[in-house]
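Here is the structure we will look at, set down as structure tokens.
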Ligand SMILES: CC(C)(C)[C@H](NC(=O)Nc1cc(F)cc(F)c1)C(=O)N(CC(=O)NO)CC1CCCC1
Ligand SMILES: [Zn+2]
């Protein structure tokens, strides 16, 4: 099972790579990766398991965060209307989105970021995405609100983007040239 030890933390270059699309139909290995990531998210939301294994309660996880630079992520989150989105997705794509943006009023965090980074993270308010789920079915979903934010946060991981890149006026601490490297 995936635990926090398997989760790559910021500063690891894999989080800055553009992940590779996976071959379709999904291989058993890629299916298993999606299942494992979904299981981690569910475990992280189970108080007993989370306590036992020291899991940070999560709602989404992208493959690069467990060292796999592939376009795979898993989500287990409930939207404002109480609809549960519990799925693994391969090769997700945004096919359309609103111009309008919105953001979580308390900003965002990340399972790969062990520090608080305050600031609003603007995201598209509504978007339509397509992809393939962990059973190999084509999916096309119109998303809005909280769940749209979760999807965009995970999608960003597949493109090497961290939530704080989108906070106005923040520098990425790992982008600063190392001392002595005067450009
Ligand atoms: C980084 C962390 C704070 C753990 C964040 N959880 C979260 O925002 N809230 C949460 C957790 C629950 F278990 C149940 C619940 F209803 C709400 C999260 O999982 N992520 C996922 C992540 O880091 N993916 O790479 C960050 C969120 C920021 C906005 C969307 C996802
Ligand atoms: Zn994250």
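Cβ from N, Cα, C; glycine included.
Pulled from Swiss-Prot:
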BINDING   110, 153, 157  Fe cation binding site
ACT_SITE  154  active site
Cβ-centroid neighbourhood (8 Å) of the Fe cation site, 110, 153, 157 excluded: 60, 62, 65, 108, 111, 112, 154, 156, 162, 163
For residue 154 (active site), the three-state class that DSSP assigns: helix
Residue 157 (Fe cation binding site) CB neighbourhood, other CB atoms within 10 A: 24
C-beta crowding around residue 110 (Fe cation binding site), within 10 angstroms: 23
